[in-house]
């Protein structure tokens, strides 16, 4: 069911250390492939970059990794876990009780993080494949042509997204060891190149970071931060993957990962100092520091690391969407569980969307340099939203002093605000693609959240106690044939004995549904990820059963599985009579047949509704046409199901005036009378 159930959540193990390599650090671990390259290009290339720019950029990278990744996420954010689960939606569930407006940063951050999921696989795989240009044979055959790079990248992405439906448990077992080799490889090569110029170590002094931002030698100005930020884009994913590996394993493994990453950047900086001023064309410092004998190996290893980073992000996107669905921030989508572990999700619609978006980005931008110009903008938004939610969490924590909360908020809003401002220019250089995608996701979230509020506003309720006698007479009325032994209604609104009025209309008015037992089931999603509990109220009868299911936001909402257990428990306790079942392949079966009734609300005659509310509900109806059916979502595809359409809003017809048209013949006849 997931590593989060391990009792050693706060402890570190050797296996957990390796697992963390493959799951948590894929994104941040591939940043050395393109971060320094982006900085060099922003400074005018190898020919024009200055020593101050190299040392200053390295200092900015070191302190960005320290302040944002280490301090904010590893030291602080990892403590804000929701029953061992991390990420922006888990953080939201911890603080949403304090203020309704917190839904806004949660939706904005979630939408931005999902949109980034399309760009990350494209930029990481492209950056790795571009390393082929460092191989003489490849360079002689294709030169600086980008088409072969694009074709290879598209092929790798196609394979990556196509295998998702089969699960990744087998290949996932090698992710950790491969990433451990990857980190060790570029850490060691960085250390070797560091011996070429130890002067880069002065970058540890934050003076050089500040000096670069103010220096006239900095040709990119404040916008250099847009490239520097690429070094820490994986920090948000680190927090999101908390539930997969545990806090202890992240705390122990991060120092190793950070040292390797910084050594890689130091090695690249040392090489740049030795070769600045030379005309070497478009070079990637990551591959340039390597001897020719290691180029092929490094490209293969970098490609594997890029695939692993992309896989981790794709899996993270599946988890993020499933959480948003259960928090009623996104429509229901079909979710499959292809692996042996419950935590392995596969959402076909999300997989297809990410694949198409990533492929479009590769074709549209062509090179990793162009992608890097658009990369990072969405993550700065997510980090700002996380800072807001995390501040509220810390403010409500009794052990945290208020002065620390103020300092935390002020410091990280300022730092991340600078990164956002520096990255905003990326909007004009392709960032608009990610912004448009994030805006579309946010639009759907806003519509879904608001429509849910309107649904409860217009839904009418009735008291079941007022209709118990009628329902009892109906179940005993011999003039009606038995509809089904058990009739089950799934309802979104049930407060004790008060239920959706449309359900009673379906039972008594449409076509009286005679049954031995009437079930009313409501699913309540809890803030805990793996809750599975229920409450039963039979209203003093043995034929009405009101069931409140309490399921964690990571649990499958498969109603028949839970209902079988509840029926058995009620019969064993004597609260529910045994049901005679003469024909069955199960000897001695004492539970009758079930019919599930799903009521589908349609917006009808909503002219009296405000225009905005009408737009929201009509938009939701259009979105629902391409989402998973309630029957599939609730695991009813192998059960007997009836779907009935009922009006959500119906104007009072008694206020409508209509007059009978009388013909001349009838008028004469009426006068004669």
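Indices start at 1 and increase along the chain as displayed.
Each residue, glycine too, has its Cβ placed from N, Cα and C.
Database features (Swiss-Prot):
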- 58-78: transmembrane segment (TRANSMEM)
- 101-121: transmembrane segment (TRANSMEM)
- 147-167: transmembrane segment (TRANSMEM)
- 175-195: transmembrane segment (TRANSMEM)
- 196-216: transmembrane segment (TRANSMEM)
- 220-240: transmembrane segment (TRANSMEM)
- 252-272: transmembrane segment (TRANSMEM)
- 294-314: transmembrane segment (TRANSMEM)
- 345-365: transmembrane segment (TRANSMEM)
- 374-394: transmembrane segment (TRANSMEM)
- 403-423: transmembrane segment (TRANSMEM)
- 427-447: transmembrane segment (TRANSMEM)
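Taking Cβ pairs closer than 8 Å, the transmembrane segment (374-394) reaches residues 68, 72, 76-77, 80, 88, 91-92, 94-95, 98-99, 102, 105-106, 108-110, 112-113, 115-116, 119-120, 123, 226, 229-230, 233, 235-236, 239, 365, 400, 404-405, 408-409, 412-413, 416-417, 419-420, 423-424, 426-427, 429-435, 438 in its own chain, all 6 or more past its ends.
Scored by C-beta pairs under 8 angstroms, the transmembrane segment (175-195) has its highest count with 294-314, from the stretches 147-167, 294-314, 345-365.
Sequence-distant contacts of the transmembrane segment (196-216) (same chain, six or more residues past either end, CB-CB distance under 8 Å): 52-60, 62-63, 222, 224-225, 266, 269-271, 273-274.
Counting same-chain residues at least six beyond the ends of the transmembrane segment (345-365), those with a Cβ under 8 angstroms from any Cβ of the stretch are 117-119, 121-123, 126, 150, 153-154, 157-158, 161, 164-165, 167, 314-315, 317-319, 321-322, 333-338, 371, 374, 430, 433, 437.
Using a Cβ-Cβ cut-off under 8 Å and counting only residues 6 or more beyond its ends in the same chain, the transmembrane segment (147-167) has close neighbours at 121-122, 125-126, 129-130, 132, 303, 307, 310-311, 314, 336, 338-340, 344, 346, 348, 351-352, 354-355, 358-359, 362-363, 366-367. Contacts between the transmembrane segment (427-447) and the transmembrane segment (252-272): absent, as fewer than 3 C-beta pairs lie under 8 angstroms at sequence separation of six or more. If you look at the transmembrane segment (294-314), the same-chain residues 6 or more away from its ends with a CB under 8 A from one of its CBs are 22-24, 26-27, 29-30, 33, 117, 120-121, 124-125, 127-129, 131-132, 134-135, 156-157, 160-161, 164, 168, 171-172, 175, 178-179, 181-182, 185, 189, 234, 237, 241, 286-287, 351, 354. Below 8 angstroms of C-beta separation, residues 67-68, 72, 76, 222-226, 228-229, 376-377, 380-381, 383-384, 387, 390-391, 394-395, 431 of the same chain, each at least six residues beyond the ends of the transmembrane segment (403-423), sit close to that stretch.
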